[in-house]
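Report on the structure given below.
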Amino acid sequence: MVASGAAAGSSVGGAPGEEASFISALKSEVLTYTAMNGLLMLESSDEVGLVHVPVSLLPAMAVPRGLFEEVRALAEPFNVLVERFASDPVAIKETLAAAAKQDEFTRDLIRVYDAVLGGPRPSVARKNLAVNRSDYMMDQQSQRLLQVELNTISSSFGAQSTILAQMHRQILSKFDFLRQSHRGLWPGGSLLEESEDAASAQSRVPYQDTIGDIVDAFAAAAGEYRGSRGSALGPGGAVVLMVVQDDERNVMDQQILEQELWRRHGVRMERRTLAQVAEEATLGEADGILRLGDSREVAVSYLRAGYSPADYKGAEEWEARLMLEQSEAFKCPSIAYQLVGSKKIQQYLAEEGALERFMGKGEESASLRRCFASLWGLEDLGDPKTKEVIDHAKKNPHLYVLKPQREGGGNNLYDEKLREALEGEGDLSAYILMQRIVSPMHKSYLLRKGECVNADTLSELGIYGVYLCDNGREIINKCSGALVRTKLASSNEGGVTAGFSCLSTPILH
């Protein structure tokens, strides 16, 4: 979240001649690879032109192998934690009560959740498929990876992070100079041995087929759905419905999953906005079957939208969301899972005894708790401990982050804006206050729209987890691959599509 030093960036055109020629070779390789392998996005939401996804030329985050394996081992317990919390409506509504009073969006989500639980088929709320991603930053003081947040809705770049890992592995094996005299060009170079061969170097970039893990889970859910329908399944079969934003730029990351789901499993995926769902879909009153057109049944609803108030332009989008939630389809995620991913629940779980309420008091809870940063709720400003931390944050705003109940980047408050919010008269019950994680800064080569800069950067590591569960019957629980997002050290936010950061990979040592 914040660097332990000043940030700087420069064009590679000013680099010494030999270094500039090496970087030019890497840039050419990366531009070719991104174009050939789908590391692309729309240049703007209203155009058809594609540009490469912002990327680092080389792995930008050096991570001790032991710490990497520690956070990987947390993916499956985090999946279970989300399921257990989501299965407790009382806990969800009690924890979010203060935030819902102040925040209209949280209140609307809970309204839909209540409608599902009070409807004719409350058990459909527990037909859950999750593609979660837990994000971490290296805390320089403790030398541990601390959790920034747990994403339970629209966890993007699962597909393109898989391809990027393959690209960086290829680059490390292909370009000898990265392992020899010019290892100092990049953060991971100093970690390599002078005599390290290509195979050893590329193995330092961890690879897992996150694409396969995600589409395998979609296919398994579709198979469960077809099995439950039996001979009653309509002639159009069962499809996966991807719900998207109408101004989506990150289409390739999504469509790679669509293509691979068909190629590997013969399962169709169809894309619709919430408005299109409201217009085209029907929900069977008697059987709860969600249909597109007359015959295609929805086996899975996969939300790559719905996490922001901007996705609900009017009543029809909320009606569409309710239709998805009340259907017999598996939800990725359900509205309960979305609520469990909220900042307020993250803060609640860090309180003494809260995590253990769902996970018990064993080593699993202890391991999860070790990755928690310090978090504080702001619903009771008269509480002496809350008042003490607020007073400290006003005097030292650079040590804290103020987070609202929002996903998607660009919402957090830092520095003077944080101080102004704490000193104001507004209701802060929908916010949480979080320790600002001070991370080590590294020089990295970042490529955006064909232009390469060498800059001081910070990186954030994401670990994916895939989970499938039907009313408490666990079907899949799996840790998947890794993602790194690297940003200029001068930037507070970290969204790739929003323009704040670049995709990268970890390099282990």
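Here the Cβ of each residue, glycine as well, is placed from N, Cα and C on the backbone.
All TrEMBL annotations are machine predictions without curation.
From a predicted model like this one, the values you see are computed outputs, not experimental measurements.
Long-range neighbours of Q254 (substrate binding site) (same chain, six or more residues apart, CB within less than 8 Å of its CB): A159, M242, V244, E248, R271, R304. For Q254, R485, the entry in TrEMBL reads substrate binding site.
According to TrEMBL, the ATP binding site annotation covers K343, 403-412, Y414, 434-437, E460, K487, E493. Counting only same-chain residues at least 6 apart in sequence, those with a Cβ under 8 Å from the Cβ of K343 (ATP binding site) are E149, K403, P404, Q405, R406, Y431, I432.
Taking a C-beta cut-off of under 8 Å and a sequence gap of six or more, E407 (Mg(2+) binding site) has these contacts in its own chain: N151, I153, S154, Y307, S308, G341. Per TrEMBL, the feature Mg(2+) binding site maps to E407.
In the predicted model, the domain 'Glutathione synthase substrate-binding' (238-340) shows an average pLDDT of 97. Here TrEMBL flags 238-340 as domain 'Glutathione synthase substrate-binding'.
Neighbours of I437 (ATP binding site), defined as other CB atoms within 10 A of its CB across all chains, total 24. Note: the CA-CA distance between M434 (ATP binding site) and R485 (substrate binding site) rounds to 20 Å. Cα separation, N411 (ATP binding site) to R485 (substrate binding site), rounded: 17 Å.
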